[in-house]
Each structure stands twice: as structure tokens, then as C-alpha cells.
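Remarks on the structure that follows.
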Amino acid sequence: GLPVCGETCFGGTCNTPGCICDPWPVCTRN
């Protein structure tokens, strides 16, 4: 399946592909 977003992203970037840091500071599916 697709990787799950949800890691914190205080630096503004997400390590998980297809995820964006919005709403900050939590990564969500782009």
C-alpha cells in the first residue's frame, strides 16, 4: 500500500514520499 503520512515535520520537510508538511508540524497526504 501507500506509505502512511503523519510524522512530525518541525523543519518543514517530510521524509515520507507523497507527503507534505501541512498543516505544520504534521505530514499529511499531498
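Here the Cβ of each residue, glycine as well, is placed from N, Cα and C on the backbone.
For Cys21, the disulfide partner named by Swiss-Prot from the candidate list Cys9, Cys19 is Cys9. Among the disulfide-bonded residues listed here, namely Cys14, Cys21, Cys27, Cys27 has its C-alpha nearest to that of Cys5 (disulfide bond).
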